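Taking it in order: structure first as structure tokens, then the write-up.
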Amino acid sequence: MFKIKFWESGVTVVLPDGYIAKMKSLLGDEYEEFIQSYDSERYYGLRVNTSKISVEDFLKIFPYELKPIPWCESGFYYRKDVKPGKHPYHAAGLYYIQEPSAMAVVEAVSPQPGDVVLDISAAPGGKTTQIANKIGEKGLLISNEINPLRAKALVENIERFGIRNTIVLNESPERLLNSFRGFFDKVIVDAPCSGEGMFRKDPEVCYSWSEGMVKSCSKTQARILDVVFELLKPGGLLSYSTCTFSPEENEQVIDEFLKKHPEFELIDVAVSRFFSPGRPDWDDGNPELSKCMRLWPHKIEGEGHFIAVLKKLDGDDIKYSNKKIKTNTSKLEYFYDFCKDALVKPEDMDNITIVGDEVYMLPDFLPNLRGLKVLRYGWYLGQLKKGRFEPSHAMALGLRKSDVLRCVDLKSDSEEVLDYLRGQAIGIPESLYRKSGWSLVCVDGFPLGWCKIAGGNFKNHYPKGLRINW
Ligand SMILES: C[S@@+](CC[C@H](N)C(=O)[O-])C[C@H]1O[C@@H](n2cnc3c(N)ncnc32)[C@H](O)[C@@H]1O
């Protein structure tokens, strides 16, 4: 019987016997070193949102000690006694709290500025927010999540990050085929898996593990790959990752895929130098499988992961045209009134459309989304209500302080910033006493949300569902 103690909660969990026996037989001499990694604490990481702040500037203002993660320039380890999720900079979207090994996936496939990328199983948004930072304003990201509840968390994280050019879908992989054959430069399959690599992080994952789960996950993974290969352009890259050790969900899934799809090949990538090679001997010996990457908790400062990057060598070149969404421009009058009243450059608000009563700024290129469950068509700006426009939280977080005419800028170490996040009223600066209308609330210059001021009074519009209770 092998027990692990969870350092955060103090809970002790017995690792499944079947899992221990399997790791012993797979790892042989290396097993002792591997199993000892459970005596150490897990690692804690955060990744800077480089679309809002440079790493250099972030390090100047973040009040806690950080240590660089070798494989991700914007990633840092923090100490477990630090609670970055409670700092106002988190609410302002300056970083994403992410397990350090998980940051390697996007680094491996290395999306470039302007790329068109699909993140097929995206919630809660770790990879998506990292991709968005890399492709920049000119790229296009389709961020998809099959589970509607998890898709909600995905939308929240995308909006907190202030990402504008992402379409969020709630679809099964199969239903994407009609719209996106040969459309993407890069596809990320961060697959659902048995989670063996996360045992040290989350006791729930140990409880749900079974040999049957490993088998059923490997079938799901193969099914997802069998759909997404069609979505890539010739020359495009497919990233496949799991947070589990079982060869059935890793090398064996990749080998089966390569056998069926000779137009794909595994490639070496720059970050592989930090990690261990894949294990051909855990499949049928195909030496190419050593190009996969294994992230072992006894070899690196991070949890267990598997990553493979494959290139599509051949396929049809399909041309896509930009879709327009017909919009009733007369209804946009209230939105433009808002822009004139609140923004320094209202004329910058172009490519605007209305879907139902929601106002969006569309990405530069819009694919055909007919028949798909679309949760976001790009930057969600707000809602048209009877005779007025109400700006969204997503609009606030996608703006910069310099974009708005009125701003209440709070200090990150002030009680007022916490009061704002609690949903309470706060004092307004003298310069705004005689002003009225929607105003941005910032922390050290970074948007947190909206308030409305009138006659010297402050009305808090921080979303109810996000308010803090400490
Ligand atoms: C490892 S998690 C993704 C983590 C995410 N990429 C991130 O970085 O935050 C796997 C995701 O796959 C989704 N999933 C489950 N079954 C699926 C299926 N059949 N097809 C596609 N996605 C699936 C789960 O809902 C889950 O959100």
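Even glycines carry a Cβ here, placed using N, Cα and C.
Keep in mind it's a predicted model, so treat the numbers as computed, not measured.
What TrEMBL says about this protein:
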- Cys243: active site, nucleophile (ACT_SITE)
- Ser121, Ala122, Ala123, Pro124, Gly125, Gly126, Lys127, Glu145, Asp190: S-adenosyl-L-methionine binding site (BINDING)
- 34-313: domain 'SAM-dependent MTase RsmB/NOP-type' (DOMAIN)
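Of all the recorded positions listed here (Ser121, Ala123, Asp190, Cys243), it is Ser121 whose C-beta has the fewest other C-beta atoms within 10 angstroms. Around the Cβ of Gly125 (S-adenosyl-L-methionine binding site), the number of neighbouring Cβ atoms within 10 Å comes to 29. For the S-adenosyl-L-methionine site listed in the record, the two most distant Cα atoms among Ser121, Ala122, Ala123, Pro124, Gly125, Gly126, Lys127, Glu145, Asp190 lie 13 Å apart. Ser121 (S-adenosyl-L-methionine binding site) sits 13 Å from Cys243 (active site, nucleophile), taking the CA atoms of both as reference points. Confidence over the domain 'SAM-dependent MTase RsmB/NOP-type' (34-313), given as mean pLDDT on the 0 to 100 scale, stands at 97. For Ala123 (S-adenosyl-L-methionine binding site) paired with Cys243 (active site, nucleophile), the C-alpha to C-alpha distance reads 15 Å. Around the Cβ of Lys127 (S-adenosyl-L-methionine binding site), the number of neighbouring Cβ atoms within 10 Å comes to 25. Cys243 (active site, nucleophile) and Asp190 (S-adenosyl-L-methionine binding site) have their C-alpha atoms 9 Å apart, to the nearest angstrom. The residues near the S-adenosyl-L-methionine site, meaning same-chain residues not in Ser121, Ala122, Ala123, Pro124, Gly125, Gly126, Lys127, Glu145, Asp190 whose C-beta sits within 8 angstroms of the mean position of the site's C-beta atoms, are Asp119, Thr128, Ser143, Arg150, Leu154, in sequence order. Secondary structure from DSSP puts Lys127 (S-adenosyl-L-methionine binding site) in a helix.
Cys243 (active site, nucleophile) falls within neither a helix nor a strand when secondary structure is assigned with DSSP, and so counts as coil.
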